[in-house]
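Below is one structure; the comments refer to it alone.
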Amino acid sequence: MVMVGSVVRLLLVVVQLLLAMAATGEALDTGYYASTCPDAEATVRNAMDRLHYTDPTLAPALIRLLFHDCFVRGCDASVLIAPTPRYSSERAAIPNHALRGFGAVDAVKRALEAACPAAVSCADALALMARDAVALLGGSRYDVALGRRDGTQSNPWEVDLPAPFARLDDVLAYFAARGFSAEETVVLFGAHTVGGAHCSSFRYRLTRPDGAMDETLRCDMLDTCGAADLPLDTDPAAFFDPDTPFTVDNNYYAQLRSNRTLLQVDQEAATHPATAPHVAHYAASPDAFMQRFSEAMAKLSNVGVLEGDAGEVRKVCSSIEEVYDKLQNDVVTVKEWLMKIPQSSDRKSTIIS
C-alpha cells in the first residue's frame, strides 16, 4: 500500500540529494567575489591576524580542520556543522573529537556577513583561513580559487579518515582515491611540521615498542604521556616537531629520517619504497618543500567542491537548521498538495492513510 508518509519521506530524500549534488559546473575563480564581496580576502586576513596574535595554536588546528573537511564529502564545510538534539554531524565521529577552531570560523564568518551579507560561503572562509594559517606560520602564501558552496548534509558515519596506526599502503590508496600521488601525500604529511597529537594517537608505540622510534624519544614521551589510557580531555599532547612547533619548515622530514616522529604511519613513510625518496628529497630541500606544500594545500582545498547552485551559503557555519526547517516546510506543502488530489471513494484508502 502506497501511503502519504512514504511519498513524503521519498520526496524529502530527493530534495536533500538535489540540494547536495545539483552543480551547474561553474568553475572556481580567484576573482569570484570581485563584485559581491571585493574585500572578502582582506576581511579574513585581518581576522586571522587578530586570532593568531591571541592564540598561536589556532593556525595548525585550522590546517587540520581543512583536511578533515575536504576528505569527507569534499570541501563543503560539512565538518563545521555542530550536532544538535535534532541531528548528528561529522563532529560526532571519533576522528573529529579533537578538532579545534570551530569558534574561530564562526567569528570570521560573522565578520564576512557584516561586510557582505549572504555572499561568502563557509567553505570558502575555511579555505582562506587555512591559507592564511600557512602564511602566518611562515609558509608560502598561495592563491585560493573561490566559489565553493556549503554542503547541507553532515553525517558521522561518513567520516572514514585514516587512523594514526593505519598502514601506509592503505593511506596511500586513500589519498590516491582523492587524486593525490605518493609524492603529494608525503608533502601533505608535512603539515605535521606544526601542531601536535594527543598521546592516545601513539601511546601504543610507547608501551609496546616497535623498534622504529628513537629510544630516547620513546622514553621522553612515556614520561609525558604515561602508560595508562586517559579520556581525551585529560590526555596529554605532544608537538610533532618540538624544535619548531609553530613554523612551517622541512624539519619534520629530518625527524622522520632520524626515527623521531610520533605517528607510526609517518615513520613508515621514511622507509617505504614509494615514499622514502620523497622524504629524503624534502629533508634536504627546504625551498622545494615550501613551494610544494603550498601547491598541495591549494589542491587539497579544491577536493570535491560544490559549485554553482549546489548546496547553499550558510549564514552560520556551525548550523544547518535553516535547511532542515525549509525541508520540513517543503514536506508540509507536498502533503497538503497530496491531500487535495481528488480521490474516488474506492481508491482513497489505498493512497491516503
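Cβ from N, Cα, C; glycine included.
Annotation in TrEMBL places CYS75 in a disulphide bond whose other cysteine, of CYS37, CYS70, is CYS70. Disulfide annotation in TrEMBL: CYS199 is bonded to CYS225, selected among CYS122, CYS225. For ASP249 (Ca(2+) 2 binding site), other Cβ atoms within 10 Å of its Cβ number 20. Each residue contributes its Cα atom, and for ARG64 (site 'Transition state stabilizer') and THR193 (Ca(2+) 2 binding site) those atoms are 12 Å apart. Comparing the Cα of ASP249 (Ca(2+) 2 binding site) with the Cα of every entry in CYS75, CYS116, HIS192, CYS225, CYS317, these being the recorded positions, the smallest distance points to HIS192. Nearest Cα neighbour of CYS116 (disulfide bond) among the listed recorded positions (HIS68, PRO162, HIS192, ASP241): HIS68.
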